[in-house]
Amino acid sequence: MSLDCSSLTEPDAITVCNALVSGLQDSAQVAAEVAGDTDVFFILWAAALVFMMHLGFAMLSAGAVRVKSTNNILMCIVLDACVCAIAFWLLGYGFAYGEDAGSFIGTSYFALKGIGEDFAYNEFFFQYAFAATAATIVSGAVAERATFESYLTYSLLLSIWVYPVVVHWVWGGGFLTLGGENAIFNVGVMDFAGCGPVHMIGGFAGAIGCKIIGPRIGRFDSKGRPLHMPGHSSPLAVLGTFVLWVGWFGFNPGSALTIIGSGQIAERAAVNTLMSSAGGALASLSFNTALNPGRDWDITSALNGVLAGLVSITAACAVVEIWAAVLIGAVGGILYILCSRMILNFFKMDDPLDAVAVHFCCGMYGLIVTGFFAKTEFMQAIVGFDSTTEKDFSGVFYGGNGKLLFSQLVEIVCIIAWTGLFLTPYFSLLKKLNLLRISADQEDIGIDHSSHGGSAYPDLYPEDEEEIAFKKQQIKESKSKRRVANSNDKDDAVEQA
């Protein structure tokens, strides 16, 4: 609404009119400031929930490993948050969201240089929380046998390079960005909250590390059959799952990136997140029990079913109907059970937290089903396409012509290729240099005792300190003998030369 005071002649009327105009202008400015601050609060709130997911990862991981590895997995997750913060600040955010870089990589905002009106701290905080989540996923797949030092290095590689480049493709204006100028098929991908950049990258990196590092000692018998090696605390695992569950209500709805004008998108994302996770838990638990007649109900299958449902809906949470979210989650829960068994029995991979099955397999599945279930009117609210391109942005089940589905498949291929290109040779190099895995002696006494100063439960689980001290001494002597032997070999080689 606007007032025109130019036609007035009476001085008093002009004065009143000008006062009204000034008041309207002030009110509009205040309203704009309130709207902006509300969006800032919304993003900070969502980012805090996503950051809190590290607590969930920590508790879930601690419960899923054995007592002698508890301190190590907790330390890895704590340092993930710290290493990623520095790495994402220095280079990661610039590679992900920097400008003037076309469709491949960002080239500005390094160390947050150039902060201005087009950039806000809350955006960095939110995106950092996502980056740290992707890096943390790997810790579960290589738990109990990876050296702490090597873990920090590939966490750094993910945070500073592998993850940010994919983010630029998907969300930063790259060739996969939905509705972007350079978007593939002139469509791009619908990956609302990160099935690909977060879950597939973290899960596939974990798969590579898990395969190269090899299984824990005693995980398979002499004939290659898997042996049961349960974690030490179901209460911790349940606590961790619920914290992650709560965090996902910042992860998915927060990806709307604004609450002013996008409230319906955010609330739909929240409800679909809930319903998919419920479907995933019920289907996973029921299916696992059906595959094992006569066995008790397994809490691990229910917990990972929740996570499978959450991961499965992450790409589509804002663009599918509620019934579809329940179905997507339920199928995701069943898929998790099948993939977990295949990974263990066929690929002989020892993944203590089932991170590969939950994050990689369900993340890939979530991208695919989005290409089928994305509803036209929900996509319209996000993309704003016209009637001539409606079929390009719709799921196949809603009259789509397959362009969105094919875009989703391209994202899957690109992420697998990109992650494998860097992580496979890096893990292989660490292994060749004997830097990737702790020794058999260290694994025997536990990585907590060999690398982190002792048990996480010195009172609840009293150890035979003399035996531990004796084994530590044996490890030191063994290392000393190896150094002497290597030195003698070098001297012999010099003499022969």
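Using the three backbone atoms N, Cα and C, a Cβ is placed for every residue, glycine included.
Annotated features, as they stand in TrEMBL:
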COMPBIAS  488-497  compositional bias 'Basic and acidic residues'
DOMAIN    42-457  domain 'Ammonium transporter AmtB-like'
REGION    477-497  region 'Disordered'
TRANSMEM  40-60  transmembrane segment
TRANSMEM  72-96  transmembrane segment
TRANSMEM  125-144  transmembrane segment
TRANSMEM  151-171  transmembrane segment
TRANSMEM  183-208  transmembrane segment
TRANSMEM  229-249  transmembrane segment
TRANSMEM  322-344  transmembrane segment
TRANSMEM  356-374  transmembrane segment
TRANSMEM  405-427  transmembrane segment
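Mean pLDDT across the domain 'Ammonium transporter AmtB-like' (42-457) comes to 95 in this model.
Among the listed stretches 72-96, 125-144, 151-171, 322-344, 405-427, the one sharing the most Cβ pairs under 8 Å with the transmembrane segment (183-208) is 405-427. Only residues 6 or more beyond the boundaries of the transmembrane segment (72-96), in the same chain, are considered here, and those with a CB under 8 A from a CB of the stretch are 51, 54, 57-58, 61-62, 65, 105-112, 124, 127-128, 131-132, 135-136, 139-140, 143-144, 148, 151-152, 155-156, 159-161, 163-165, 167-168, 171-172, 447-448, 451-452, 456.
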